[in-house]
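*Asks:* Before we start, here is the structure in question, set down as structure tokens.
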Amino acid sequence: MMQLFYVTVNVCLTSNLCVTPLGLEGDVDLQFLLVGGKLMKIKSSSWKKDRMYKLHDDNATIWHESHRIFKRKQTFSIDDVDSVRKGRQSEGLQKHTEAHVEDRCFSIFFKGRRRNLDLVATSVEEARQWVNGLEKIISNMKKLNRQQTSEQKADKNKDNMMTLKELKHFLRQINIEVDETYAKLLFTKCDTSNSGTLEGSEIKHFYDLLTHREEIDVIYEKHAATGGQMSAQDLLNFLLNEQREVATLEDALRLIEKYELDDSAKHMNHMTKDGFLMYLQQEEGSIFNPAHKKVFQDMSQPINHYFISSSHNTYLMEDQLKGPSSTEAYIKALMKSCRCVELDCWDGAHGEPVIYHGHTLTSKVLFKDVIKAIKEYAFKTSEYPVILSLENHCTLEQQKLMAKHMISILGSALLTSPLEDQMPTAFPSPQELKGRFIIKGKRLNKLDAVFSNTSPGVEDDCVSEEDEAAETNNSKTDTNEQKIKLAKQLSDLVIYCKSVHFSGFEHAKDNQAFYEMSSFKESKAVNLAETAVYYIHFIMHLSRIYPAGSRTTSSNYNPVPLWNAGCQIVALNFQTPSKEMDLNQGRFRSNGLSGYILKPEFQRYAGSEFNPMTLTKGPWIKHKAFHIMVISAQQLPKLNKDKPKSIVDPLVKVEIYGVPADTCSKETRSIENNGFNPMWNETFQFDIQVPELAMLRFLVEDYDATSQNDLIGHYCLPLTSLQNGYRHVPLLTKRGDVIPSAGLFVHLMLLDAK
């Protein structure tokens, strides 16, 4: 692959042709994009304009026509695209186009907060080619390796030659500062033709020198014991002794077949240094255990035995005072494997209920449109059940319409009765509830009424408000006295998640049925989490925690103490990038992105004496010594792209989150003016008492002596999901997107403490 790439690049350098994405040579959809065509851009019902769009010759940029007088740049990078959706899958297209153009519509969604692009093609076939072509390019971009990303940047003016000035500009572009003397030395060493420019193989030589990984040399040479190369047996020894993997000779041969680039070495079942580096940069060499990318936990336990990825005010894109409400917010949360979403329901115009943050300036979105979006995207990332947490403020007639919409839109996927033929005594499992929607809300009667054919004394009756609604309304009266009328049609849809007011642990123990659950605002939950009886409550009952109403900017609270206490549904503002969301992303990265993580056994069974605040002897204590060496980083992004000479001074923080006894943070020194290949070789040790609740977080920052450090990238994962040995760590942006080519290289060892 690497040799093929160099051939492709050298052809490009000598013939002034662009680099065709690997595997797409002659692809008809790619050729269609390069020619381009007219698309109708949709902004509103009155703003629908035909514009020319085409793929630029670099195969990485889309050019589009613009009629603005003071127009911004007329291109966007494929790398900035999050996804392409065929059909009327955006709010804009649903509102501003007719159903008969469904097959001609598609939307381009971007990473971050950039507004999506809604387009209508001139024909169904052209829409198909646009979507297929873009998806192929996006997929190809994700596969580009580090070498490709950098080498293509070197020739600034595309004349197939690189001058000393271009070389220095290139070094700054990839975030490395070198002095004048070293730049000239590097240039002269590569300019074997003495032409004053680098061409063809000379640029390749320059690239090889630039990307040389000294730390990889040391590791490879230590283990390459067969004529200067790694034999299959040498590689097996490396896997067993350094990577601490359970491996066989067949596993080593499989890696050679998969990643070795040199045919002669592969023929001898050897792995060269290039193949070794390729292996380390792929998923087998990642810090995250590839086995945990699939569902590997027991999914047959009752759902109250799991941590459940949960969103608060899911409809909001921004703050809680004037931000927009959108179906897109639900789509983004569900695609991140969120399994519990919130619907804040109010009476809307024309008899149609709406969702928004009541008594604020946040925009409104139709309830039925939200249900349609949930139905469409609920099970694309995870097939496990989704809980719809209703906060109901509607009048009876609109409640009945809510029930009608959910029944008609969700169909058989909506759970409308217990799975059993008789009154259940415990929750069903995520496995049993695959592909189902569970309604959380108020119910007029007990669940056993489903089997006894009893009903409330009247068709509709009064119930107390949801605790969160009562807090939002800021009433001075006791929560129990705040009543709303509940429609029987809506009540009957609440099966396994009946909302009840929390009146104390003793009351819950004596009176609360297994399917009855309470919600707690963060401050109350944190206070209760310091009492041992709270942990017992979370073993027996589902509970939901939500952010305080005072968090008007949609900020988040620390979810870790609540997970430590065993709370299943810790709802966060998914729309707000934060350390807390990093931790949530890390917690649910494992188990196949199912959105369900099986709680440790000591958090699942009655009689457990586990207390995270005051650790005592018990099965939760599995003392580990965690050794980590932060070796190096590769291709860290520039933070200030407007200043060409601005180079980052990176440092790495290594953080452990878990029970208080395990929570700890350590950091490296900063490296001045080098974001391309900084090296630290710094070692840290952590003592871990409860590894099953611990998470490891890497934070890479740009050091600033006079102000707060700036975030470069981060990554978080459960401690139990890491792989020992030499590993690469991917880095994510503030919003959780992968930073192409950037990463850390570390050595890890999680061992039983002596």
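Cβ coordinates are placed from backbone N, Cα and C, and glycine is handled just like the others.
Features from TrEMBL:
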- His312: active site (ACT_SITE)
- His357: active site (ACT_SITE)
- Asn313, Glu342, Asp344, Glu391: Ca(2+) 3 binding site (BINDING)
- Asp702, Tyr703, Asp704: Ca(2+) 5 binding site (BINDING)
- 32-139: domain 'PH' (DOMAIN)
- 152-177: domain 'EF-hand' (DOMAIN)
- 490-604: domain 'PI-PLC Y-box' (DOMAIN)
- 607-733: domain 'C2' (DOMAIN)
- Ser193: O-linked glycosylation site (CARBOHYD)
*Asks:* Of Ser193, His312, Asp702, Tyr703, Asp704, which recorded positions come within 10 Å of Glu391 (Ca(2+) 3 binding site), going by C-alpha to C-alpha distance?
*Replies:* none
*Asks:* Do you know offhand how many angstrom separate Asn313 (Ca(2+) 3 binding site) and Tyr703 (Ca(2+) 5 binding site) by C-alpha?
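*Replies:* Cα of Asn313 (Ca(2+) 3 binding site) to Cα of Tyr703 (Ca(2+) 5 binding site) measures 35 Å after rounding.
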*Asks:* How many neighbouring Cβ atoms, not counting its own, are there within 10 Å of the Cβ of Tyr703 (Ca(2+) 5 binding site)?
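*Replies:* Taking every protein chain into account, the count is 16.
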*Asks:* Look at each of the binding-site residues, Glu342, Asp344, Glu391, Asp702, Asp704, and point out the one with the fewest other Cβ atoms around it within 10 Å.
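*Replies:* Asp704, out of the binding-site residues Glu342, Asp344, Glu391, Asp702, Asp704, has the fewest neighbouring Cβ atoms within 10 Å.
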*Asks:* CB neighbours of His357 (active site) within 10 A?
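*Replies:* For His357 (active site), the count of other Cβ atoms within 10 Å is 24.
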*Asks:* List the same-chain residues at least 6 positions away in sequence whose Cβ sits under 8 Å from the Cβ of the residue listed as 'O-linked glycosylation site', in sequence order, or say none.
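*Replies:* Counting only residues 6 or more apart in sequence, the Cβ neighbours of the residue listed as 'O-linked glycosylation site' under 8 Å are Glu199, Glu202.
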*Asks:* Per-residue pLDDT averaged over the domain 'PH' (32-139) comes to what?
*Replies:* 89
*Asks:* Please list, in sequence order, every residue of the chain apart from Asp702, Tyr703, Asp704 whose Cβ lies within 8 Å of the Cβ centroid of the Ca(2+) 5 site.
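*Replies:* Neighbours found: Val648, Asp649, Pro650, Leu651, Ser670, Glu701, Ala705, Asn709, Asp710.
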*Asks:* Provide the number of Cβ atoms within 10 Å of the Cβ of Asn313 (Ca(2+) 3 binding site), excluding the reference atom itself.
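*Replies:* Around Asn313 (Ca(2+) 3 binding site), other Cβ atoms within 10 Å: 30.
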*Asks:* Do you know offhand how many angstrom separate His312 (active site) and Glu342 (Ca(2+) 3 binding site) by C-alpha?
*Replies:* 6
*Asks:* Checking the contact step here: among the binding-site residues Glu342, Asp344, Asp702, Tyr703, Asp704, which have a Cα within 10 Å of the Cα of His357 (active site)?
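*Replies:* The binding-site residues close to His357 (active site) (Cα within 10 Å), listed in sequence order, are Asp344.
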*Asks:* Measure from the CA atom of Asp702 (Ca(2+) 5 binding site) to the CA atom of Asp344 (Ca(2+) 3 binding site) and give the result in Å, rounded to a whole number.
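*Replies:* On Cα coordinates alone, these residues lie 40 Å apart.
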